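Marked as Zn(2+) 1 binding site by Swiss-Prot: CYS63, CYS65, CYS78, CYS81. According to Swiss-Prot, the Mg(2+) binding site annotation covers ASP747, ASP749, ASP751, on the basis of sequence analysis. Marked as Zn(2+) 2 binding site by Swiss-Prot: CYS1082, CYS1273, CYS1280, CYS1283.
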Amino acid sequence: MAISTFKRKIASVRVSVASPEIIRAWSSGEVKKPETINYRSFKPERDGLFCEKIFGPTKDYECACGKYKGKKYEGTVCERCGVRVESKEARRKKMGHIELAAPVVHVWYLKSSPSILSTLLNIPARDLENIVYHGSRRIIERSYIITDSKKTQFAAGDVLYETEYEVYKKVLDFDAEIAVTVKNPKSPVVSDIDGEVSIKSEQTNTGREIIWITVKDSKKIPIQLQPGMILLSKNGQEVKEGTILVPEKQIAPFYAPFDGTVEIDEIASTLTIKPLTTSKEQPVTVTIPYCVRVLVKNGSKVKAADELLSGGTIPAITSPASGKVVFGKELNVRPLEDDTYEVLSAGMLYVEQLIQEKRYPIFEGSLPYVNDGDKVKAGDYLADRFLFEDEVLSAHEYKIFEDYYPQQFTVEAEVENDRPIVAVTEIDDELSKETGLSVGSIITESEYEAYKELYPGKIEAHYGAAAVKKLLEKIDLEKLKAQIESELSQLPRSSGKALKLLKRLKIVKNLIKSGTKPEWMVLEAVPVIPPELRPMIQIDGGRFATTDLNDLYRRVINRNNRLRRLLDLNAPDIIVRNEKRMLQESVDSLIYNGRIGKAVADRNGRALKSLTDLVKGKKGRFRRNLLGKRVDYSGRAVIVVGPDLKIHQCGLPKKMAMELFRPFVLAQLLKEGGESSKTARKMKKAIIEKEMPEAWDILEEVIKGHPVLLNRAPTLHRMSIQAFEPKLIEGNAIQLHPLVCPPFNADFDGDQMAVHVPLSAAAQAEAKYLMLSRYNIISPAHGKPISMPGKDIIVGVYYLTAIGKDFDDVKTEEIRYRFGSTEEAILAYSLGYVDLHTPVLAKVKVSDQEKIVKTTVGRIIFNEIILPDLRDYTRVFGKKEIKNLIYDTFKRHGIDATADLLDDMKDLGFHYATVSGLTISLKDLIVSPKKDEIIRGAEQRVEQVEEEYRRGFLTFDERYREIIKIWNKATEDVQFVTQQALGENPFNPIFMMVNSGARGNIDQVKQLAGMRGLMADPSGKTIEIPIISNFREGLTSMEFFISTHGARKGAADTALRTSSAGYLTRRLVDVAQSIVITTTDCGTHEGLKAVELISDDLTVQKLKDFLFGRVLSRDVVDPLTGEVIKNPVTGREYVRNAMLSDEDAEFLAEYVVSVPVSVEQVLDLQGLQLPHCYAEVCEEIRTVDGVYYEEGTELNWDVVRNAKNAGKKQLKIKMYPVVGTISEQVIKDKKGEKELVVLREEIDELTAKILEENGVSQIKVRPNIYVRSVLTCEAEKGVCAMCYGMDLSNHKVVNVGEAVGIIAAQSIGEPGTQLTMRTFHTGGIATTADITQGLPRAEELFEARKKLKEPEGIFSTETGFVKDIKEVEGRQKIYIEDYSGGIHEYEVPEKTKVKVRIGQKVLPGTPLTTGAIRLRKLMDTLGVEATAMYLLKETQKVYVEQGVEIHNKHFEIIIKQMLGRVEIVDPGDTDFLPGQLMTISEAEKINEKILRENANAQSNRNFVLGKILAKKVVAKVSDEVEEIASEGTEVTEEILEKAVESGVKEICIYDEGKQITYQIAPKEPMRYRRRLLRITKASLEQKGWLSAASFQQTPQVLTEAAVEGSIDLLEGLKENVIVGQLVPAGTGLETFANIQIEETPRAAEAEKMA
């Protein structure tokens, strides 16, 4: 039956942002409850995360309640339980959703770097996050306290923060003072002195109370006052010392006014006259003044006018001291009219002399502990505090307390507050102008409250995802685009602001292009993935284990339900706000746990795996499941050697084969029985299971010609999977042919291999004809054999073809045995007349000729298996000779002959290795007698050096270097004499092993039987004490200790290498995977100049190796004749597009001719043919119309035409045949000081003239050879077959469809493990730095590291001569003189050494010093080709140093990917950003398209007239973004003119019902420059998002791709593996899609054979 292999099913994959509608459309129901399953019945809970109604039934075709069972009810929805009857597979596909009670921002868009939402909304990421998470902004601001509220609603003492104050102050009239906040007031208030307390209170300017507590300490001087005295001072009045308190007073005598009786009261000091009873007078009382005598006695009777009191004087009283007047408590006074007092009774007056007084203000609310008049002691408490913590004081109040309590409290003039922030979502235009706020401005909540109060209804602000959503809904993308574009047109493109705008513009354009609404980045509903993808499993002990996702979903549902409940209850805002934040956080951790804040963890502290974790990283969906797919039909087993197999066979254990081929056996059994019923199947299965004999017979039949694939992990290159024909064997191990071990890197010490069975006919055909091991003998990495005999086979062949020590001494005539044919010789051997190594003469046939040769029977036996034209009876065959023999066989006779030769060689080798009886014993290790003498000599020389050092003739470093040198020489000498001693007996087993190349090398023999030599210490520095012993003699303990460093380092190295090498391979594969041969010939004439690769005087690659396997891009011309070169042996002409084999490469590499520098000639202008080389005119030419050519003008057709016009018949010319050739010798000037031409320099006309001036007539040169290379290929995708050249695995031109990128990556990555990690030390000398080698160097180059491990070297940028090298101000400088005499100065960097000498000729790129060259610098100064060649040379060097051979083309593919991008410098009118990267071909195409469309702009304008607009036209007109025309408008001349004037370049119209964009004004093309990318960056820069996402930074790549609505056209290999299609390479290409494959029945096949 004819079947077509495949048709491509999926053409492209698009990723975009899902709208809430789409999320709901995906869903089959809303998940409302966090429950999963009922723990009693184990049934899913209704409306829970495993609900059957939403996700489908748990049992096939059965509803939840069991009412409907069976497939016949499919599609029925059960009315009882609501479950739809369908296959349980639905639970893998059906999704649910959670309706969110509040919108939630998708964390990918919020926290991508740079944040997409932040860029789009033009809000700083920190602020945006704070809005989303209901956060706050830390604000440091002043506060104000109101002192006079005037007519506002404020009260005195209200506090306003600066932000609100500014808002209110603009509109309202009130007075306020700057406020301060009190911090750390000391308490309680303590009296500092003894004294008396007085208390009073007062009000401050903010209307608050201050209580003043005063404590006085004083001394009182008492003054006795007597009645009648007049007191001049008031109570409390301050008086000075000597002030008159009581004035002097004259008192007149007192006479009785009438007759009466006298009563004297001595206590009251009064005198009373009582009248007679008959008199009408009233009694009179007078005070007896101080210092007056009473002249009468108490009770005596007196007559009127009797003198009662004598007169006298009251003396004046002055103040004894300065102080305050204080009235005593018993002092009784009467105020008089003139502000004085009359003393009524005796009492005390005090002058209080104040010693000290202290006042203590305390603020309202503080509690005083004392009362007025209390006496206190120092240290007594007066009040609990004077101020409260965080009390806000006006400046005035602060001043009071600062004066009275210095340093007892601190204040903060600015308050640091975390203020909740909101985003403005709507604002009135006038208010916006007035306040400077706009939609999207972030303000604090208090500011918002102020604005809302002052401008009700004119401003709206929100927080949380709702705010972001509102802001996103407000965005008019078209308008925003026009606005950004007009802003950009006024900025320099490289400015920071412009770059920010460009990033924003890119997002806006991407959203427009993909048709995504910005608000979709905020989730209204969260999709719930199918339950089977997040299963719950019962584990032992009845508990359930669940996927982390269920926990994360549960948190979301719980918080969502709680928020819904709070909203229904109208809970306080602060609670709702907190719940919204928690909901946002729970959705974040569901999508990307740990991206924001601390990751949600389980009870063991392990972070839960969120949806993002399922996608990203090595264990994510991409790398684990999509790219790391498992292969069906496979078994694995240990491998053992199968020495009797053919190279294309493998031994398959019977049991394993039966298991693998079971379906085939079953089918065959059924076919033979001709039945297919269920019972028949059962019976036949039983036959197989019981292993009946007929099952084995059929297995034998089925297996015939059915190849199997064997794979050994790690699969480092394509040779790690090969096809074999299986042979059934007993036992449980797979038998493997010994010769296929090298490609698999397998050995038989317990390695395992996997077996895969190709099932379809197409797969079998591929395995048989492409993957069979006999077709994989040649390595695609270098084109040489890889399936090579090793170890014992080599020893066997070597033993067979080896000769005794005296073979060469035996003369022909002395030889006893002479044979007429090879058969005779072999017969004589088998009969025991001669042994293998006896010299014999035999008649042999070599390439169709018979001749007699002196040989041995062993050599005759070996040559029997070789094809006649390759036989050689005169040499011994070691590893190298065998490799060459295999390679020559392949080149001359093809792969099949090679495979047969290998098989024969294996049989011979094993047989004769056994016959040879190879063993090793200690006796075989022969220690040379000369060893001791060499060591003694070295020790003496070391002693001399030490002596010189002691005398001070040598520095420490010089001594160290000398000693190392001496011991290195001694070690070499010992090695040489050891080798000699061993070679005495050619059949010494160790000598045979080493000499044949089977195992070990002379270095190891030196350590076994010579001396171990010098060792390195852990830092890599050489230890100067050598190990003099060898292992045969045994080491001393000191020597043993010194040896351990290296051993440990080796072990550590190996472990580190493997992982680094694996990662390097992965990056290489990633960067090159999309390079496939897409076409036979791209037609380019570009190419690389073939050169020898030389780095630091080490020939990294010979010219012939550079040429091998290449295609010529130009004819190779003989410098002398100008004709195409022809190979005299093969007759091949080396014209353009000829592919070079080994022989061709060798011939061209050695093609050197001696050419004259210049030749003078007369050119006949009649029979015209221009010379084949560069030539100049030797005379002046003047034409009639004034054209003039001076002597020395280059000859070309213009010159010839004008010479003819000038009437010339002949023209004197000078030809320079050397120009354009490659010099093969160094030529110096006459003095021998200056190099005129260096080796391998391309000679230009200037150089040729310099040679001529210096009298050089002839020079040896080789032709310039240009080969095609992938670096210069112009194929649109991938590369073309001609530029790639030879497929190294079969030496033919590569096939279209070959995945050369992956082969390149494998070829470079596979030997990675062999590369050392070490950074070698150059004998511990400080001046030259460590040389980075091996893997780190390879990585440094591929990753184009900016930071180099070794110091940076410098290179020449000119062609010229080294004029001078000298030290200027402590820095070494190199001066180079160019051809025109200009001098260029180069400063030698520190830690590097000069590599050039005076008089040396340098070319651009010649390194002037040691050290690594910075790739980007090289690229900027010398361009792409020089960089590519440097990279090629340096990467090759890393591998060559380790003895690894890899063809250049593999490196070139990687380098092509590193250099294949351009960076946009100025995007012109394209949608790209400066700094964006794209491939060269894309950039060229875009510019071509722009130029093409610019030509059509005018005709497009005519075409669109009268058509209907599909999208509105928006542009910035005089500072305002205006709509020029709305959607659905007819296009008119006016609209077009206005649009073009405003800078609109294209419009979108309806044309025949479709939306088509037409360009209506010329656009600016973009400018770009080549960029060098490191391989990781190059991988991420790939076009398709699938490939980039599966490489690194998965979430970031997917986020950007979704916003862009990116479409992956599945061009690379990875993308197709991910979607599960055949890869577009090899037989997966469209070209092979229609091949018809027919499966011929076995019987018919057998008939044909017969």
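Cβ atoms here come from the backbone N, Cα and C positions, even for glycine.
Sequence features, as recorded in Swiss-Prot, placed on the structure.
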{"residue": "CYS63", "record": "Zn(2+) 1 binding site", "DSSP class": "coil"}
{"residue": "CYS78", "record": "Zn(2+) 1 binding site", "DSSP class": "coil"}
{"residue": "ASP747", "record": "Mg(2+) binding site", "DSSP class": "coil"}
{"residue": "CYS1082", "record": "Zn(2+) 2 binding site", "DSSP class": "coil"}
{"residue": "CYS1273", "record": "Zn(2+) 2 binding site", "DSSP class": "coil"}
{"residue": "CYS1280", "record": "Zn(2+) 2 binding site", "DSSP class": "strand"}
Quiz item: In the same chain, outside ASP747, ASP749, ASP751, whose C-beta lies within 8 angstroms of the Cβ mean position for the Mg(2+) site?
Solution: ILE639, ALA746, PHE748, GLY750
Quiz item: Which chain neighbours of the Zn(2+) 2 site, leaving out CYS1082, CYS1273, CYS1280, CYS1283, have a Cβ atom within 8 Å of the mean position of the site's Cβ atoms?
Solution: THR1079, ASP1081, THR1084, ARG1268, VAL1270, THR1272, GLU1274, ALA1275, VAL1279, ALA1281, MET1282, TYR1284
Self-check item: Spatial neighbour of ASP747 (Mg(2+) binding site) that is closest, considering only the binding-site residues CYS65, CYS1082, CYS1283 and their CA atoms
Solution: CYS1283
Quiz item: Excluding CYS63, CYS65, CYS78, CYS81, which residues of the same chain place their Cβ within 8 Å of the centroid of the Cβ atoms of the recorded Zn(2+) 1 site?
Solution: ALA64, GLY66, LYS67, TYR68, GLU79, ARG80, GLY82, VAL83
Quiz item: Any idea what the Cα distance is from CYS1283 (Zn(2+) 2 binding site) over to CYS78 (Zn(2+) 1 binding site), rounded to a whole Å?
Solution: 67
Quiz prompt | ASP749 (Mg(2+) binding site) versus CYS1082 (Zn(2+) 2 binding site) - Cα distance in angstrom | solution = 49
Self-check item: binding-site residues compared (CYS65, CYS1273) - highest count of Cβ atoms within 10 Å
Solution: CYS1273
Practice problem: Measuring CA to CA, name the entry from the binding-site residues ASP749, ASP751, CYS1273, CYS1280 that ends up nearest CYS78 (Zn(2+) 1 binding site). | Solution: ASP751
Practice problem: Enumerate same-chain residues with a sequence separation of six or more from CYS1280 (Zn(2+) 2 binding site) and a Cβ-Cβ distance below 8 A; give 'none' if the list is empty. | Solution: ILE1077, THR1078, THR1079, THR1080, ASP1081, CYS1082, CYS1273, GLU1274
Practice problem: Round to a whole number and give the Cα-to-Cα distance in Å for the pair CYS81 (Zn(2+) 1 binding site) and ASP749 (Mg(2+) binding site). | Solution: 62
Self-check item: Residue among the binding-site residues CYS63, CYS78, CYS81, CYS1082, CYS1283 whose Cβ has the most other Cβ atoms within 10 Å
Solution: CYS1283
Exercise. Do me a favour and check the Cα-Cα span between ASP751 (Mg(2+) binding site) and CYS65 (Zn(2+) 1 binding site); whole Å is fine.
Key: 55
Quiz item: Which number gives the other C-beta atoms within 10 angstroms of the C-beta of ASP751 (Mg(2+) binding site), all protein chains shown included?
Solution: 17
Exercise. Please work out the number of neighbouring Cβ atoms within 10 Å of the Cβ of ASP749 (Mg(2+) binding site), leaving out its own Cβ.
Key: 7
Quiz item: Hey, how far is CYS63 (Zn(2+) 1 binding site) from ASP749 (Mg(2+) binding site), Cα to Cα, in Å?
Solution: 57
Quiz item: Distance between ASP749 (Mg(2+) binding site) and CYS65 (Zn(2+) 1 binding site) at the Cα atoms, whole Å?
Solution: 60
